[in-house]
Amino acid sequence: MPVCFWASLTRRTIFTPRAVSVFSTSLQSQAPITRKFSTMAPRSTKRKASAAPAAKANGSKKAKTTDYDDELREPHHAADIAEKHGIVLRDYYPPEMSNTRARAYAEEALHRPMENLVIAQRETSEAMKKAAKGEAVAHWFKTDLRCADNTSLALAAQKAKELNVPLLCFYLVSPQDFKAHLRSPVRVDFILRTLKILKDDLAKLDIPLYIETVEERAKIPARVLELLDSWGCNHLCANLEYEVDELRRETKLLRLLAGKNKSFEAVHDTCVVPPGQLRSGTGNQYAVYTPWYRSWMAHIHSNLDLLELHDVPPKNPASVRKAFMKIFDCEIPAAPKGKELSAEEKKRFHSLWPCGEHEAKARLDKFCEERVGEYSEQRNIPSHNGTSSLSIHLASGTISARTCVRTARDRNKTKKLDGGLDGIKVWISEVAWRDFYRHVLVRWPHVCMNKPYKPDYADIEWSYDTDHFKAWCEGKTGFPIVDAAMRQLNHTGYMHNRCRMIVASFLSKDLLIDWRMGEKYFMEHLADGDFSSNNGGWGFSASVGVDPQPYFRIFNPLRQSERFDPQGEYIREWVPELKDFDNKEIHDPYNRGAGDKAKKNGYPKAIVEHSECRTRALAAYKAAVA
Ligand SMILES: Cc1cc2nc3c(=O)[nH]c(=O)nc-3n(C[C@H](O)[C@H](O)[C@H](O)COP(=O)(O)OP(=O)(O)OC[C@H]3O[C@@H](n4cnc5c(N)ncnc54)[C@H](O)[C@@H]3O)c2cc1C
């Protein structure tokens, strides 16, 4: 039975029971971790694209080690296509990996990035204990841009108090990470605006927030060390981010700091239940949401401290202002090249997406006060304001998922997450999806390396029809619900959840276009773009993720439109060409006697025929995975 070895971590009570460091002494009592292929070359090694490895009848385990090792190093046979269409960004990453390599991650033949971090923590723990008091403790802000209920910030504040030294904070702007992670300009702008609020809030506590741009992301660990040295700081705390690049960076940083006898506490924060804590009866991570969710709730019910919220840090001594004057004085940089907004976009997005943690909390309270009661009935209607619109805040960390669940639960009639008011119950179950996809990411990290959850799905013969893709991006497919949704995304940086599913299904099933192009387009345009939620949503809709169900989950855009936008209100809002059409015509103008009017208004004919596409999609999925 594969052992998910970080899952057995006991929650280390360094601070509060929830302040879980990924390292736990319980690891040391485990059997040594053996890996079949521990002599792998680092993945960053540049490899020449070559032919597909010969298929192995019975998966990887029967292969001779050397053959298998070769297969692990080979790129996928269609790696050049992924590169050509901008799916794999070769400025930052190696070619798309082979299915064998993805399978090796799935079958635990390769260490996952989280495991490597845990190993690094174990190996450096003694050196870290030698960290001297120093002149300050630092917290590194990343996707946790808030003072309230911030695990690492609270831990750093406590440490500073214990050592009787001040707390310093910093944020590093990394233009290369913005590019490599496809951060949308609207999201970058939101981050930079939020930093200003955060800086002002911290300054009121005499805590400086130092902000600096680091042009080359590979230099971040070294720069962190330099900064800590320049402040005389020997203790660093940060919340974990679970994406592959971030876990690898933190592993490197950990070893670097340990080598200088500095301590680095990387703690769980972004999920309500840390990844690795929930396991099915077979000892594995759940890959299906419903049983996972039952286990998630049960885990919280028996660990209620998971819903305890951390306080804002206390004030630093006022003398810090003089001692660290230069840090207090730093400027918030402008958006890096390629991520700027025009003046018109700034105006639009600033009014659509007010930023900062106070806004996030006010939004949550208002939603719980006014709308959560009707959430279960309203949440699927894109023309209604039935959801919380908190995703941009959760993605940037201006509010914690814990605060969301705790606030909603406290308004319920019961402390049980599966009881009481329907709206609250369902809303909490939606927030849980965010945790679920993060758990999936940590356990199956190849999903963060351009591979589908089940490697065989990488062999589906996708289309790369650029006209079709352009029509989808621009909202000109001739399918009104799809076009309305894409135009909402392009104009606001947001799309309703129901519509995200409709357009993702349309791209991957009706157009049979490589889902990763849609996943990328979403990340480049969403204000709430978040790797694991986006990847999970695309995995669900394109049937390439956990629990894929390709033969049942093919949305009919017309049925979806009639069911969830029966009066055509959403379509009218975003597709002005169809504004005056009646409730029947609006869903399918050319087939409902309104073709001439649609043509005159400049609305295009449908670019494909759904039933034909359905048949084609089923055949393509079957051919790859049957
Ligand atoms: C193809 C596709 C792509 C998506 N991409 C993203 C993305 O990049 N970032 C993102 O935050 N969400 C994404 N989602 C999930 C979901 O659409 C949004 O979280 C939701 O629409 C945000 O609106 P809200 O804040 O009003 O949500 P609410 O309905 O009020 O839900 C509250 C919070 O729960 C979380 N949540 C709700 N539904 C989901 C879900 N299905 N998966 C994960 N988390 C969920 C979000 O953090 C959300 O803010 C995607 C879904 C699909 C189908």
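Cβ coordinates are placed from backbone N, Cα and C, and glycine is handled just like the others.
In TrEMBL this protein carries:
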BINDING   Y375, 387-391, W427, 430-437, 528-530  FAD binding site
DOMAIN    135-272  domain 'Photolyase/cryptochrome alpha/beta'
REGION    38-69  region 'Disordered'
SITE      W462  site 'Electron transfer via tryptophanyl radical'
SITE      W515  site 'Electron transfer via tryptophanyl radical'
SITE      W538  site 'Electron transfer via tryptophanyl radical'
Residues among the recorded positions S389, W462, D528, W538 that border ligand 1 - Cβ under 6 angstroms, in sequence order: S389, D528, W538
Shortest C-alpha distance to W538 (site 'Electron transfer via tryptophanyl radical') - which of the recorded positions Y375, W427, D435, W462, W515: W515
Mapped DSSP class for D435 (FAD binding site), helix or strand or coil: helix
Three-state composition of the domain 'Photolyase/cryptochrome alpha/beta' (135-272), taking helix and strand from DSSP: 70 helix, 30 strand, 38 coil
Among W427, W462, D528, which are recorded as recorded positions, the nearest neighbour of W515 (site 'Electron transfer via tryptophanyl radical') by Cα: W462
PLDDT averaged over the residues of the domain 'Photolyase/cryptochrome alpha/beta' (135-272): 98
Other C-beta atoms that fall within 10 angstroms of the C-beta of Y375 (FAD binding site): 23
Surrounding CB atoms that lie within 10 Å of the CB of A432 (FAD binding site), all protein chains: 22
For the recorded positions W427, W462, the one whose C-beta sees the most other C-beta atoms within 10 angstroms: W427
Cα separation, W462 (site 'Electron transfer via tryptophanyl radical') to Y375 (FAD binding site) (Å, whole number): 37
